[in-house]
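**Student:** Sharing a structure here in structure tokens format.
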Amino acid sequence: MKDLLKFLKAQTKTEEFDAIKIALASPDMIRSWSFGEVKKPETINYRTFKPERDGLFCARIFGPVKDYECLCGKYKRLKHRGVICEKCGVEVTQTKVRRERMGHIELASPTAHIWFLKSLPSRIGLLLDMPLRDIERVLYFESYVVIEGGMTNLERQQILTEEQYLDALEEFGDEFDAKMGAEAIQALLKSMDLEQECEQLREELNETNSETKRKKLTKRIKLLEAFVQSGNKPEWMILTVLPVLPPDLRPLVPLDGGRFATSDLNDLYRRVINRNNRLKRLLDLAAPDIIVRNEKRMLQEAVDALLDNGRRGRAITGSNKRPLKSLADMIKGKQGRFRQNLLGKRVDYSGRSVITVGPYLRLHQCGLPKKMALELFKPFIYGKLELRGLATTIKAAKKMVEREXAVVWDILDEVIREHPVLLNRAPTLHRLGIQAFEPVLIEGKAIQLHPLVCAAYNADFDGDQMAVHVPLTLEAQLEARALMMSTNNILSPANGEPIIVPSQDVVLGLYYMTRDCVNAKGEGMVLTGPKEAERLYRSGLASLHARVKVRITEYEKDANGELXAKTSLXDTTVGRAILWMIVPKGLPYTIVNQALGKKAISKMLNTCYRILGLKPTVIFADQIMYTGFAYAARSGASVGIDDMVIPEKKHEIISEAEAEVAEIQEQFQSGLVTAGERYNKVIDIWAAANDRVSKAMMDNLQTETVINRDGQEEKQVSFNSIYMMADSGARGSAAQIRQLAGMRGLMAKPDGSIIETPITANFREGLNVLQYFISTHGARKGLADTALKTANSGYLTRRLVDVAQDLVVTEDDCGTHEGIMMTPVIEGGDVKEPLRDRVLGRVTAEDVLKPGTADILVPRNTLLHEQWCDLLEENSVDAVKVRSVVSCDTDFGVCAHCYGRDLARGHIINKGEAIGVIAAQSIGEPGTQLTMRTFHIGGAASRAAAESSIQVKNKGSIKLSNVKSVVNSSGKLVITSRNTELKLIDEFGRTKESYKVPYGAVLAKGDGEQVAGGETVANWDPHTMPVITEVSGFVRFTDMIDGQTITRQTDELTGLSSLVVLDSAERTAGGKDLRPALKIVDAQGNDVLIPGTDMPAQYFLPGKAIVQLEDGVQISSGDTLARIPQESGGTKDITGGLPRVADLFEARRPKEPAILAEISGIVSFGKETKGKRRLVITPVDGSDPYEEMIPKWRQLNVFEGERVERGDVISDGPEAPHDILRLRGVHAVTRYIVNEVQDVYRLQGVKINDKHIEVIVRQMLRKATIVNAGSSDFLEGEQVEYSRVKIANRELEANGKVGATYSRDLLGITKASLATESFISAASFQETTRVLTEAAVAGKRDELRGLKENVIVGRLIPAGTGYAYHQDRMRRRAAGEAPAAPQVTAEDASASLAELLNAGLGGSDNE
């Protein structure tokens, strides 16, 4: 017995490991894995079904087919364990060794491994520095390659055709050595001296100047060094021995009817063995060269197909014309080993069923059908029955449960009590898609779900199904209860707002309950308290909506956190007083003293959580729900067709619009407007008409006139059911009501363009055939879009998770002083997001000072919670520098201070939290709500773009930033800088509005002046760009020669003449090199200098510029010298929605990106080429000027002689994130990506916290390119993990050496995932072959840092509750202790023993 226990212990031991290394296998290594050579292609004997000897399933090589039994049956039973049968040669052992024992095939001729040959860049090609085409010609026996030139004029690695080879043979005899096939390549690889080659290349690298050559050399050096360091030998890329997969991993399964289903691998192996054996025979017979060669080529192709079918030439197909699945196909793709079996395992103990509503459940409960619970909790019931002595054996217990005896139900009740179960709804888009509940047994067959958690699951009850999982171990139950219980997940991890919010009926009920109504029964009473209000309502003496006075007792927390009561008489309604009874103590009465809509209820729950904490909030949420349901039922709100009131004015509005359209049509026919303008105008007219109709309709629905107590008419908010549903936020929106009772409006074609005839009818009037047909267009597009959107959104989430999966909070504080400035998001006149929303839950990076003083308001390293934010608002701070994950200094991971508050819990984040995955889920989950289409902005929107003035909305004072300006003759400011911003500051010093002011705008008010709301503060001409003079004086033309550089035009209407500068293409030969300009001189004819510089005021004019001055006229500063017409951009497509988010995270370059200044300096233009002009920026300090060629059609924002700063926009367009990173730095690119992504989500009304996007940006900035290696081991131009460079530099600086300089790289998320340090994670993501090839050649080690790698190797993840386990492992490793031996308990031992004996008895026990 003791012996047996020891044996059992040995069976369960797993190796502790820290890292996984991948490398090339040497032939000796393959032989050492192998248990014997497979010599025959046979599989099993068709009569006896026993494996053939030496075949692909041979029992002698791979092990016995039955447990502890040899093939011929001489030795059976456990007692012969380890004996090798002398008759059949099979070792007596467990049959599971057939899953792990490998065989091998000795190849008669070496063959190249296709991965190292064909996976680009070809490793063999790179190593030998030969083109892939040549290597292929050698390998597939079309050409010879010279291996040793000897004394001849043949070079090593020279390719010879058959004829050339024969000629050379005649000429030189056997002085040289040339071969073909894999042997030749093997010989070349073998004879390479890697170290020497490396030295030589490094020397070449230092000498060469050409960029392409440098790149090529660096690539080769990296590969050679990888070989040297990893200990791989180049010749191992050529196979001489082929390993054979264990047979149980490529099984042969008998189907009924005597046929067999086989794995494709067996076919592929059979081909290889057949060809190999044939080749051996041919070599023994010394067959003619050409036959042997053909056989060798066929063997090479067979091995190729086995390793990666279809990579070269046509894929080998099986009997049914389907390509065979090779070894490479087994591991890659969605159905491959990684994604199907390692990352997507199935879970035991689960049931699934349809869900229904459980309106009487508490928040932490779910209803579980009895039948289901009985099945799921079987093991626990068996155990309990035995423990109570109600059943003697498991088998008896099983019988009792099957009989469903009465005692079983009692025991089920006991077992289930306090045992949480997990509920999951697919698709699980974020972590709230799986939550734990305590089961309540119910009759019926459907799971009951608490209505408030539906939002988190995105569940509805139209037939959705959910899965139930039972956590078995104590630890699992603990985690489910402490972390996953629905009551612990009240806030959404994406934005920190409550996600347990009432919706639909509950909202409608509460809204109905808290509305007031004029002259309702009982109006004007004074009540002693909510109890009396309820009594009066129940006894029918007062209406729910009656306006009354009630004595209310509020409780408020004082400084010590004690509750202090305060009683007052409040004007309120009966319904609100009744609702007050369920509000927990500590909240103010004002919270319910209003008509409660969805937003207000959400805010109420949020306030409750922040003030009172978790428990009262959960109880409150449940009470809200019960009350809401009760009063929604009492309200009797229902929808009738008469509720959709069509406004009387609708008819006249539509006829007015039709008249306007007819007028435009006439103008078009008489040629006054173009077709495009007509289309845009028509659409604008209809859009405006639609708005007017819907406004009339909403005004109509919104109010009703009633008689009050004094007999006068009074308007009040209407009790129309449809309006109440929309107003409360329960269901529907103004846009939907507009289609019911207004007009349906303009419809879009499937390509996104708008049909110019709108649907003037609404659903109440009904649609005619044409209108109905137009509607189907849009409806179908909606469905098609949804299907596409789901797939795209899922793929985006997958990429995001993959790039961020290894980011975990690993330390408390990294101590950095870096951070990003947070300012409110202001677009035009609206504050889109106030500062408090942006900084809430972040940690300050430096002290926040009270504006205008040196007093510290908030010290650095403070977590800004609600109270701090109130303080910031009171002092109207408008910029705070906060810590950010992008600037965090932790090496592998992030520190808690840089991340800030854990949004789902409301306190600073814990160590071990997997913030990367949370960020990815938070961004990906709303993905399906984003739109798919690109917006064709025509009509209304493009007109808004051509603004010509700024009109402020609020009163306040003006503040200008980055401004250069001159004062013109009428005393107004004229802007002469490019990126001026105008902000409106209110009396508290808060920024309310912000606008961009273009060059040449005339300001009505100066910096710091007061303005009133609605005042126009700036004007400009949107269609031309002016050239403004900064000095006063007289105009002097230079190089303005009529007919050569300029031409005179006269306007027919006004009779004024103007000069137009010719484009250099249109000029005569003499005018090509002239540069027309306007110079400003004083009365004596001397140059006037631009103030503050020593440059003469001379303005060069680009082509097409229009000058309306004559030579010698007097002008004053701020006047317009010339105008450059701007082509209006036409209707540009604006990528919106999901594709835009994907573009940003993939860091794709836009089509025509903005051109930014690479350095600071003075702009001038050099010699032009045919289609481009040469822009030269000369630095002020006299270093080398920077030149760039810019296509002629790009509009430039800068004039000659202007000063630009690095990163300024030279030509407008969408900015490329890579340029922003290079020229303006990490913080600028973070800000850009965060703001752009937020714009898309904000448009859809989705709230996501900035830090999630920052987390992804941090991962995109993970790599750096070495600019100068210093004393480090890096190569120039090499791309390295940013943290690696930091660590290396730290060590070098500690030793007083020079560190490497580097530039940060921005990689798209796909690129970044594939470029991670972990090859396991990258291989399981995409491009498996390429990743594994690269890793094997470099002999990479995977340190198993991320979550994915650990899941794949089957360990706890180093995050969450697994974080402690990994910390403990690290600590023990550092202390050098052995891991604690797994203790085998008596139960384990007896269980394994029973299993063993059962197996040994040949499975006679068939219960």
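One-based numbering along the chain as shown.
Backbone N, Cα and C atoms are what each Cβ position is placed from, and that goes for glycine too.
So Swiss-Prot says this about it:
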BINDING   Cys70, Cys72, Cys85, Cys88  Zn(2+) 1 binding site
BINDING   Asp460, Asp462, Asp464  Mg(2+) binding site
BINDING   Cys814, Cys888, Cys895, Cys898  Zn(2+) 2 binding site
MOD_RES   Lys972  N6-acetyllysine
**Student:** Counting other Cβ atoms within 10 Å of each residue's Cβ, which of the binding-site residues Asp460, Asp462 comes out lowest?
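**Tutor:** Among the binding-site residues Asp460, Asp462, the sparsest Cβ neighbourhood within 10 Å belongs to Asp462.
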**Student:** Looking at the binding-site residues Cys70, Cys72, Cys814, Cys895, Cys898, which one has the fewest other Cβ atoms within 10 Å of its own Cβ?
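**Tutor:** The binding-site residues Cys70, Cys72, Cys814, Cys895, Cys898 were compared, and Cys72 has the fewest Cβ atoms within 10 Å.
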**Student:** Provide, as an integer number of angstrom, the distance between the C-alpha atoms of Cys85 (Zn(2+) 1 binding site) and Asp464 (Mg(2+) binding site).
**Tutor:** 59
**Student:** At the level of the C-alpha atoms, what whole-angstrom distance separates Cys898 (Zn(2+) 2 binding site) and Asp462 (Mg(2+) binding site)?
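**Tutor:** Pair distance, Cα basis, whole Å: 44 Å.
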**Student:** Quick one: which residues besides Asp460, Asp462, Asp464 have a Cβ within 8 Å of the Mg(2+) site's Cβ centroid, in sequence order?
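**Tutor:** Here the non-site neighbours turn out to be Ile355, Ala459, Phe461, Gly463.
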**Student:** Given the recorded positions Cys72, Cys814, Cys888, Cys895, Lys972, find the one whose Cα is closest in space to the Cα of Asp462 (Mg(2+) binding site).
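**Tutor:** Checked the recorded positions Cys72, Cys814, Cys888, Cys895, Lys972; minimum Cα distance to Asp462 (Mg(2+) binding site) goes to Cys895.
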**Student:** Can you name the residues of this chain that are 6 or more positions from Cys88 (Zn(2+) 1 binding site) yet have a C-beta less than 8 Å from its C-beta?
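**Tutor:** The list for Cys88 (Zn(2+) 1 binding site) reads Arg53, Ala59, Arg60, Cys70, Leu71, Cys72, Lys74, given in order along the sequence.
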**Student:** Taking the centroid of the Cβ atoms of Cys814, Cys888, Cys895, Cys898 as the Zn(2+) 2 site, which other residues of that chain lie with their Cβ within 8 Å of it, listed in sequence order?
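**Tutor:** The surrounding set, listed in chain order, is Glu811, Asp813, Thr816, Arg883, Val885, Ser887, Asp889, Thr890, Val894, Ala896, His897, Tyr899.
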**Student:** Hey, of the binding-site residues listed (Cys85, Cys888), which one tops the CB count within 10 A?
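**Tutor:** For the binding-site residues Cys85, Cys888, the Cβ with the most other Cβ atoms within 10 Å is Cys888.
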**Student:** Measuring Cα to Cα, how many angstrom lie between Asp464 (Mg(2+) binding site) and Cys895 (Zn(2+) 2 binding site)?
**Tutor:** 40
**Student:** Taking Cα atoms as reference points, which of the recorded positions Cys814, Cys888, Cys895, Lys972 is nearest to Asp460 (Mg(2+) binding site)?
**Tutor:** Cys895
**Student:** About how far apart, in whole Å, are the alpha carbons (Cα) of Cys895 (Zn(2+) 2 binding site) and the residue listed as 'N6-acetyllysine'?
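**Tutor:** Given the Cα positions, Cys895 (Zn(2+) 2 binding site) is 52 Å from the residue listed as 'N6-acetyllysine'.
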**Student:** Other than its own, how many Cβ atoms are within 10 Å of the Cβ belonging to Asp464 (Mg(2+) binding site)?
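**Tutor:** So the number of other Cβ atoms within 10 Å of Asp464 (Mg(2+) binding site) is 17.
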**Student:** Using the alpha carbons only, what distance in Å do you get between Lys972 (N6-acetyllysine) and Cys888 (Zn(2+) 2 binding site) once rounded?
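**Tutor:** Here the two Cα atoms are 47 Å apart.
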**Student:** Please work out the number of neighbouring Cβ atoms within 10 Å of the Cβ of Lys972 (N6-acetyllysine), leaving out its own Cβ.
**Tutor:** 16
**Student:** For the Zn(2+) 1 site given as Cys70, Cys72, Cys85, Cys88, which other residues of the same chain have their Cβ within 8 Å of the site's Cβ centre?
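**Tutor:** Close Cβ neighbours, site residues excluded: Leu71, Gly73, Lys74, Tyr75, Glu86, Lys87, Gly89, Val90.
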